[in-house]
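J.: Below: one structure in structure tokens.
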Amino acid sequence: MGSLFRSEEVCLAQLFLQSASAYSCISELGERGLLEFRDLNPHVSPFQRRFVGEVRRCEEMEKTFTFLQQELRAAGRVPGPCAESPRAPAAREALRVQEQSEQLAQELREVSRNRASLRDNLRNLRQYLHVLREGQRFTSLPAPLGSPPRPRALSEREPILDPSLHQHLERKINFVAGVIHPWRVTAFERLLWRACRGYLVASFVEMPEPMEDPATGESITWVIFLISHWGEQIGQKIHKISHCFHCQVYSYPESEASRTDTIAKLHGQIQELSVTLEETEKYLAEVLDKVAVALPTWRVQVQKMKAIYLVLNQCSFDVTKKCLIAEVWCPVQDLTQVQDALRQGSYQSGSSVECFVQRVPTSESPPTLIRTNKFTAGFQSIVDAYGVASYQEVNPAPYAIITFPFIFAIMFGDVGHGLLMFLFALWMVLYEDSPRLRRGTNEIWLMFFEGRYLILLMGAFSIYTGFIYNECFSKATVIFPSAWSVATMANHSSWSSAYLATHRLLTLDPNITGVFRGPYPFGIDPIWSLATNHLNFLNSFKMKMSVVLGIVHMGFGVVLGIFNHVHFKQRHRLVLEFLPEIIFLLALFGYLVVLIFYKWIKFSAADSRVAPSILIHFIDMFLFTSNADNLPLYPGQVPVQTALVVLALASVPVLLLGTPLYQWCRQRAPRTVRPGAPLATGEQEPLLEGQDAGNSVNATTEDVESGRHGPDAMHSDFAEIFMHQAIHTIEYCLGCVSNTASYLRLWALSLAHAQLSEVLWTMVMRNGFVGLSYVGGVVLVPVFAAFAVLTVAILLVMEGLSAFLHALRLHWVEFRNRFYVGAGYKLCPFAFAPDTWD
């Protein structure tokens, strides 16, 4: 059975698939998502595999679907997701999908081309109509034959025509009319004037209605120009210049009657083209409706079909070429479902021979499979970010569900801040099924959303530790009455009016009866928030708390190693590794925890001034000395400490040499193997040529030969084991010291968070309360807004991220190094995940 505490049992298996039913069987397995397929043709090029033709056909259909999707988006339509996940199509259905998609694509190409042509013609006709209308307005103005025309001159300093050229005015006047882009009018006008030396009259006017630019698709207001000129050479120059400026030139009739007839004809043509274009748009909308309905389903079907053929390309044929053999990693508890899927696939394909699955013994390390749900997925991702657990190794995720939020809360302890974080996570949890939250495009938001349950627990634990620290936005809360009595101190002391006037700070003596009535019911007494030495008190408390929790956390990691040794049947490691490790840790640092609790219990306020220093005792313990100025905590302390240090040092050689010597003795022990011994129970004769019993079908001769053992291999293995154990011993012994000091970050970050909260309250809210009277109470609104923004930005986001990263480091390095290897790889089953096709 699978469990969150350890990865599931996974076996190597072979699938024997009939050629006729292989497609249906793989499709059924993909719908269930049970197996990870292995490539049995690693040295074969993808272009030389058996089903490469089918894969190419799927890719061609995907190109067609891409074109259809682009047409939908160009029309302003967004294809929605597939409502239901269709199954992979059969061969005949796939041909139907291919024919229909290509037919729709061809219709879209033709209709789009016709629509574009109709639009261009309609635009040209409308432009021509506006050109004739504006040109008729200019040319119909009465003017004497001998007088120059009055349109806008190209130069304000010189006349359009030289006075000496009046005798040539009786020559025939020609016209060039068209439209030009408004950005090119100035350059076009200047070049005409310079090239034609003024032998023309040009008129420019904006078109009454904007029209689409065929190059960019934008709607612009074109400029109509009408140029009158004399002579054919000048006309040729004007036409060339117009062509260079990408002007649309239209023929301009000479007589007014011809222009009137042309305008009438243009009206009729525009009306006919508008009706034709409207019908074309309707037909195009109908085709797009068909595409929008069918495209999501087709895409899912073709992608599934392509995935199936890619899996079939990883299979190999048997010697008869009638059966496909696939090699898979399969969870043992899912073997029944795999056989049922194969039976269902064979029935759907109409094959008379059922496909079946068979377990294959292997020496390879199987992949790791740990099933998670929406609650445990966030904690498991934290573990996998450090390294995927080795096969059947103890999984730290279930323990991190409690330890990670708790260690985070130690550094983030504040009731107010924890409540804000809890409410934010609770909102995400309550609306976790909302598509708007799930389908966000911001990676940071998706990261928060995936870890919503982790944030929820971090906020809840922060509220708990905030009550212990008695801090809510840096202010103490009086839930229970204080255990300190100022009135009792005043009654039993010599505090006079003169004494109170000269002493701003007063000291409460707990040795006076009634001043201190016992410990506070829960957490820190709120009176400490008023004391000037509260920081010294919290420093001592949080520092010792960090050391105690760190050593307990590391010790728990060492104990978890027992489950690995027992599960992998390496019981010698219990004596040769676990026992020296736990002795070394407890003899030195576990003893430190005992000293801390012993000092708390033994010494009270009455004799606290003569209490010895634990730090000096711990240093003297390693130096095998005693300090006369530092009194012992209990009788016989020096011999006990000496014995503990000797015991810890004696465990180091056992940890260093125990496992290598044990492995060396096992390798030297003689092994006798009877020739021709029968195969183990459950092993079958090989079905592929060149396959040895107990090996994978894709094992090569070199792989088998490299596994032989000889004298050189024995010495190499021993040296490797010894070096590995030496590194582990040095890392563990030095790590016990450095990691214990590393847990002091709990103390440092907790104090930093408390001080930042206090500074923010003092610098913002306190100044707002003190500096404003009741008349200026309205100003408190922006003051509180600034306080809220800074609280969220600095204390929740920045400080929360800092505490999260430090808690992550403590779990990755200090905790998991005691038992966790993390050298595995995930099981990636072949599955048609719905999110993949959206």
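In case you wondered, yes, glycine gets a Cβ from its N, Cα and C as well.
Pulled from TrEMBL, these are the listed features:
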{"type": "COILED", "residues": "94-128", "note": "coiled coil"}
{"type": "TRANSMEM", "residues": "406-430", "note": "transmembrane segment"}
{"type": "TRANSMEM", "residues": "451-470", "note": "transmembrane segment"}
{"type": "TRANSMEM", "residues": "547-566", "note": "transmembrane segment"}
{"type": "TRANSMEM", "residues": "578-598", "note": "transmembrane segment"}
{"type": "TRANSMEM", "residues": "640-662", "note": "transmembrane segment"}
{"type": "REGION", "residues": "675-710", "note": "region 'Disordered'"}
{"type": "TRANSMEM", "residues": "772-798", "note": "transmembrane segment"}
J.: Do any residues of this chain, six or more beyond the ends of the coiled coil (94-128), have a C-beta under 8 angstroms from a C-beta of it, and if so which?
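T.: Hits for the coiled coil (94-128): 57, 60-61, 64-65, 67-68, 71, 179, 207, 211-212, 214, 222, 248, 250, 266, 269-270, 273-274, 276-277, 280-281, 283-284, 287-288, 290-291, 294, 298, 301-302, 305.
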J.: Taking the transmembrane segment (547-566) as the reference, which of 406-430, 451-470, 578-598, 640-662 gives the largest number of Cβ pairs under 8 angstroms?
T.: 578-598
J.: For the transmembrane segment (451-470), give me same-chain residues lying six or more residues beyond its boundaries with a C-beta closer than 8 angstroms to one of its C-beta atoms, as numbers and ranges.
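T.: Sequence-remote neighbours of the transmembrane segment (451-470) are 374-375, 378-379, 381-382, 401, 404-406, 408-410, 412-426, 428-429, 432, 476-477, 479, 522-526, 528-529, 538, 750, 754, 800, 804.
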J.: Mind looking up the mean pLDDT for the coiled coil (94-128) in the predicted model?
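T.: Here the mean pLDDT over the coiled coil (94-128) amounts to 91.
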